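Checked TrEMBL, it gives:
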type: BINDING; residues: Cys144, Cys147, Cys201, Cys204; note: Zn(2+) 1 binding site
type: BINDING; residues: Cys161, Cys164, Cys187, Cys190; note: Zn(2+) 2 binding site
type: DOMAIN; residues: 5-69; note: domain 'J'
type: DOMAIN; residues: 131-213; note: domain 'CR-type'
type: REPEAT; residues: 144-151; note: repeat 'CXXCXGXG motif'
type: REPEAT; residues: 161-168; note: repeat 'CXXCXGXG motif'
type: REPEAT; residues: 187-194; note: repeat 'CXXCXGXG motif'
type: REPEAT; residues: 201-208; note: repeat 'CXXCXGXG motif'
type: ZN_FING; residues: 131-213; note: zinc finger
Amino acid sequence: MAKSDYYGTLGVRRDASAEEIKKAYRRLARELHPDVNPDPETQERFKEITQAYEVLSDSNKRQMYDMGADPFASGAGAGAGGFGAGFPFSDIMDAFFGAAGGGGRGPRSRARRGRNATIRVELDLSESAFGTTRELVVDTAVLCEVCTGSGAAAGTHPDTCDMCHGRGEVSQVTRSFLGQVMTSRPCPQCGGFGSIIRNPCQECSGDGRVRTRRTIKVRIPAGVEDGTHIQLAGEGEIGPGGGPPGDLFLEIVERPHEIFERRGDDLHCTVQIPMTAASLGTILTMETLDGPEELDIRPGTQSGQTIPLYSRGIQHLNESGRGDLLIHVNIETPSRLDAAQEELMRELARLRGEERPPGKFAPGQQSFFSRLRDAFNGR
Ligand SMILES: [Zn+2]
Ligand SMILES: [Zn+2]
């Protein structure tokens, strides 16, 4: 068998250092590995580079090779093709998954981001309207001060896992009709961390954090409403292993108001006005979120009319301006009249010619049937 050009195969100079050879092999192996690229030609190349690496990574074999011998061509050890029984896989794994960490593989960190937390905050309407400041008591996880998040007891360190040698994963090579297939899975002994905490911190049982109750002061802006979520970045619980904290969300729950109904940033309410006051006009003292206010009821105010008090609603969230307060008027028809009142009413009706008034439709309130008729007549 002709002597192979192992340096050329790996693309390194003859005086390349062991580290350079390892790097070159690792780079090529990533491209040519049968898991990545199963076509036969690539597999053949993979065998070649692996063979080259097997020789050049072993100082004795490299020396022999440099002096003119070829450990594979000699027929000793592995048979033709070289890649097979007796192959020192551990070295190849080492090169392929090497600890230097290129390619993003390797043990996973114990530190993970903490979870988000949500707490409900009940507000009454005026708090939503104008904003408020609340002190909230939160049950949360904070960094364990004893181990500062490492999870290891004071004065100890996590040991490197002896099953995966700190890599966090274990690899297995199996033969298939495509050739050698290498599969890796998280190390079952260390759970993929690459290290094992033999003496967990007593304070946090190795979690790196402890539960506690803390009080935080939050500013709730004007204009929030039922269901609004306010995000407080980094105020959630800290992550395991000293990982960064999650976020805290405040979910606003708005208590219903006994007088005002909120629709968007407007408020609605209904006032009852006696018929006489609606007819003659009056001044009504109204309770608003800004305190008592005088409401001018014009003479001849009709039932169902809406009187606006501009800018007496809810502050717009993150914008200037406020919604309105809309007052719906309900006119009370006098009932249970005494004799004198009834006499006055009859007199009024007579003076207005309303003793037997004709029923008529209010403008704009056509019945369904008249609309249907208009549609048929093409009006
Ligand atoms: Zn601890
Ligand atoms: Zn392990």
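Using N, Cα and C of the backbone, Cβ positions are placed for all residues, glycine too.
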Please average pLDDT over the repeat 'CXXCXGXG motif' (161-168) for the predicted structure.
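Averaged over the repeat 'CXXCXGXG motif' (161-168), per-residue pLDDT gives 92.
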Could you measure between Cys161 (Zn(2+) 2 binding site) and Cys201 (Zn(2+) 1 binding site) for me? Cα positions, answer in whole angstrom.
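Cα to Cα, Cys161 (Zn(2+) 2 binding site) and Cys201 (Zn(2+) 1 binding site) are separated by 18 Å.
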May I have the DSSP-based helix, strand and coil counts for the residues of the repeat 'CXXCXGXG motif' (201-208)?
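Grouping H, G, I as helix and E, B as strand yields 0 helix, 0 strand, 8 coil.
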Taking only the Cα atoms, work out how far Cys144 (Zn(2+) 1 binding site) lies from Cys187 (Zn(2+) 2 binding site), in Å, as a whole number.
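Cys144 (Zn(2+) 1 binding site) and Cys187 (Zn(2+) 2 binding site) have their Cα atoms 27 Å apart.
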Across all protein chains in the structure, which of the binding-site residues Cys144, Cys147, Cys161, Cys187 has the highest Cβ count within 10 Å?
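Per the Cβ count within 10 Å, the most buried is Cys147.
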Taking the recorded Zn(2+) 2 site as Cys161, Cys164, Cys187, Cys190, identify the other residues of that chain whose CB atom sits within 8 Å of the mean position of the site's CB atoms, giving them in sequence order.
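Here the non-site neighbours turn out to be Pro107, Asp162, Met163, His165, Gly166, Arg167, Gly168, Glu169, Val170, Pro188, Gln189, Gly191, Gly192, Phe193, Gly194, Ser195, Ile196.
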In the zinc finger (131-213), how many residues does DSSP assign to helix, to strand and to coil?
0 helix, 39 strand, 44 coil
Does anything in the same chain, at least 6 positions from Cys164 (Zn(2+) 2 binding site), have a Cβ under 8 Å from its Cβ, and if so what?
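Counting only residues 6 or more apart in sequence, the Cβ neighbours of Cys164 (Zn(2+) 2 binding site) under 8 Å are Pro107, Val170, Cys187, Gln189, Cys190, Gly194.
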Can you tell me which of these binding-site residues sit near ligand 2, meaning the Cβ is under 6 Å from at least one of its atoms: Cys147, Cys201, Cys204?
none
Would you mind sorting out which binding-site residues among Cys161, Cys164, Cys187, Cys190 put a C-beta under 6 angstroms from ligand 1?
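Going through Cys161, Cys164, Cys187, Cys190 in sequence order, none turns out to be close to ligand 1.
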